[in-house]
Structures are given as structure tokens and as C-alpha cells.
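Contents: one structure, followed by commentary.
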Amino acid sequence: MTRTGLSDTIAAIATAPGSAGVGIVRISGPDALGIADGAFRGRRRPSATRGGRFLFGQLVAGDGEVLDEGLCLVFRGPHSYTGEDVAELQTHGSPAVLARVLSRVLELGARPARPGEFTLRAYLAGRLDLAQAEAVLELVNAGTETARRQAALGLSGALGERVERIAAHVTRTLAALQAMLDYPEEGVPDEDRTVPLAAAEAELHALVGTARAGQVATRGARLALIGRPNAGKSSLLNALLGYERSIVTPIPGTTRDYLEAQLSLAGVPVTLVDTAGLRETGDEVEAAGVRQAVRLAESADLVLVLEDGSQPRDHLPAELPRETRMLRVRTKADLPAAWTDPGALDVSAVTGQGLSALRDAIHTALIGDAAQGEAWLTTERQADAARRALTHIQAARSLPDDLAGYELEEALRALADLTGRDVQDDVVDAVFRNFCVGK
């Protein structure tokens, strides 16, 4: 995103496309309230109104035509979202009305906002750190309760506060280390260096451990169902969904291509992938489906390996990579058992036996033990910065005091990258590139 024109007054429609009860045209910048004067007619001019107030009146075109009745909300910088003067013109959510109101605002001197420019200005004004800015986009896109909760925590500054606590431990250690090197006669106690650094490492290790959960909560997870033909993959998919999405027959090889379906499992957005049954076959079409099933399993966040518990156990003909996350499921638990395995979950798609336990196991496998009330790392950018900080702290703990200082300084730089207090422009641009225009 270009940084030119940041002193311009900008405007955009801030509500989603399509018809709605209410629509908003947002204006921000030094001339925002003066421009609102020209587009809004009420008992008082927006420019003569104190911040935090709203006015009722009419939205008007340049020739005086009344476009709609609505509200003008007035915010004065720095006490606004962007830190600048802001006017929000609220109308009925007709696309035609909003287009005319925006056109009038642009006629009066505003320029169209670029994607994410309102939030970029909030970041540059110090109203948000970079992690909070990312949380704005995550909150807009949140499709489940877990995603919403994490985005709200991020927007509240909870992640930044967590990072600042870690940085305070590192800073305290660095200060004690510097004092010991500069004034050895003062006898700085060892615990002044070791205790806070150990605390920083423990807290940062826990934070890094939330990265998988955070990214799964925000972008969702792909869950592949694999097994031999007639292992019950399609039946289990239908049972988890609560409706018939996949065709189920007693004929082996019914599923030859993969099939996807979306659902929310305990607040986590999940894409279920029903795959072809794994077996040696001379049918080229079915063989292609088998190869595809293995590829889908290798790229999935979690694999459910299904085995028919009512038939003699026959392990899969294909090997999955060692790092593949998987849960073993013994299907058809309503039928007499031909074998048992304490490491497998017993499930019946017919009676529903074990489905609740399976859902819980899937949630645990995807989210782990990340504390629900804590802020998580929700982007790869955040996770990378946290891992770098942890690496430098671990290096510092293994080095002599006269060499550890450099590693601690690098750890602080990585933590500053995480919150955006010290980050390069191209990284900031990459964050805001995915925003919609009205944000």
C-alpha cells in the first residue's frame, strides 16, 4: 500500500455490499467535518458539533436534492478510530443511496479510500498496534465463536499486553546483565538475571504454543477422512454434519472423487474431506482417487483414519508421513466387535455412539491446550516473530554473560516486530493489503 496521500481526507462505504437496513459512508481526515457540512443538512452543522454527538437530518446532493434521511455521527481527533476528525453518514442501506452519498462526498473534496486505509491511519496514529490491526480483519471475517472471541481479544490489546509482559522480563534481565558487566563490584544477584529470563522463556514458549490453535481458529482446518472401502467414511461425514451430504452404499468403491463439506466443531471452522477408499485396484479411475486421497491426507491439518470394527483388522495399504496428525477411529461400534484398540475411538454413525467424544478429540487435536481466555497468535507473521524471540532467549540462556546481551536485544526486536512497534513498511503493507476499502 502506498504511503502517499495520508494527509488527504478520505471516504468510502463502510458497510457490506448489498441492500440492508442501514448503510454507512465514512469520512476521515482534516476536512472530514467540512465535507460532511456539504452532504448533510440538519439543525446543526457537523463542523459546529462536539465530538461524540450525532445529528438527524437529510443527505443532500449538490443541487439540493434530498437523497435520504439519516444520521451524521461526529468524532473529533484524536478521539476517533483513525485519530483524525471523522464523520459517519448513516443512511438506509440502499446501494443506490450509498453510491449517491459517496459521490457527493467525493465531489466535495474527499478522495476514495484505499483498502485498509482507515485502519492504517489508526495504526500510524498509535490508536492500534499491528496485532490489533490484524484483529480488525479477523473480526470482520470471523465465522465462528472461537474466531470471534480471539479477534475480540486481539482487538482489545490482550496480545500486545501479553507480549509486553514478556518484553519486561527480557528488559529486566538485560538491565541486570549490563549492570553486572559495568559495575562488577556491586555484586548483582544471579537471580536478578536468571529468574526473569526463565519467566520470559516459559511465557514465550506458551505463547508460541498457541500459534496452531490461533491459525486454525481464524482460517479453519481441513480434516480428511481416510480408510479402506466401506470403512464408514461417508456415513461418518453425514453423521458429523447432521444431514446426508455423501452417498452411502454397501458397494465398495462408491466414493471415487473427494467430497468436501463445512461445519463448525466446538467453535472451530472445519472442512471435512471424504476421500476414496484406500486399496489396490486395477481400475484406473479408482486408482487415481486413491492417489488423490493420500495427497489430501498429507496436506490436511488432521486425518481421521477409519477402520471397520466389525471386520478383521486390515491396516491401510498407504503410509502417511510421520508428522501427520491423526486420530484412529473404530467404526460400526453398534455391531459385534471383531477387534478392539484402546488407542482408537469407538464410533457408530448409525446410533451416534461416540460422536460427542470424537468431536471433543478433534477439537483437542486442533486447538491443543491453548487457554481459551488468553490471546493467541493468529497469523504466521506473529508466530514467526514469537519463534525468533524464543530462539534468541534460549540462546542467551546458554551463553556467557558478556555474549548474552546481543541475543536479548535481538529478542526484544523480535517482540517489537510482533506488535508492530518496530517493523518494516513492507510488512505493514502486507498486513493491510487484505482489508476491504471501508476499513
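Yeah, the Cβs are placed from backbone N, Cα and C, and that goes for glycine too.
Straight from Swiss-Prot, the features:
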type	residues	note
BINDING	ARG26, GLU88, ARG127, LYS439	(6S)-5-formyl-5,6,7,8-tetrahydrofolate binding site
DOMAIN	220-367	domain 'TrmE-type G'
BINDING	ASN230, THR249, ILE251, THR254	K(+) binding site
BINDING	230-235, 249-255, 274-277	GTP binding site
BINDING	SER234, THR255	Mg(2+) binding site
Mean predicted confidence [pLDDT] for the domain 'TrmE-type G' (220-367):
81
For the binding-site residues ARG26, LYS233, which Cβ has the most other Cβ atoms within 10 Å, all shown protein chains included?
LYS233
Number of Cβ atoms other than its own within 10 Å, given for SER234 (Mg(2+) binding site):
23
Counts of helix, strand and coil residues, the domain 'TrmE-type G' (220-367), according to DSSP:
38 helix, 36 strand, 74 coil
Can you tell me the CA-to-CA distance separating GLU88 ((6S)-5-formyl-5,6,7,8-tetrahydrofolate binding site) and LYS233 (GTP binding site), as a whole number of Å?
52
Spatially, which candidate from the binding-site residues ARG26, ARG127, ALA276 is nearest to SER234 (Mg(2+) binding site), comparing Cα atoms?
ALA276
When you tally the Cβ atoms that lie within 10 Å of each candidate's Cβ, which of the binding-site residues (GLU88, ARG127, ASN230, ALA276) has the highest tally?
ALA276
To the nearest Å, how far is the Cα of ASN230 (K(+) binding site) from the Cα of ALA276 (GTP binding site)?
10
Could you check what DSSP calls ARG127 ((6S)-5-formyl-5,6,7,8-tetrahydrofolate binding site) once collapsed to helix, strand or coil?
coil
How big is the Cα-to-Cα gap, in Å, between ARG127 ((6S)-5-formyl-5,6,7,8-tetrahydrofolate binding site) and ALA276 (GTP binding site)?
51
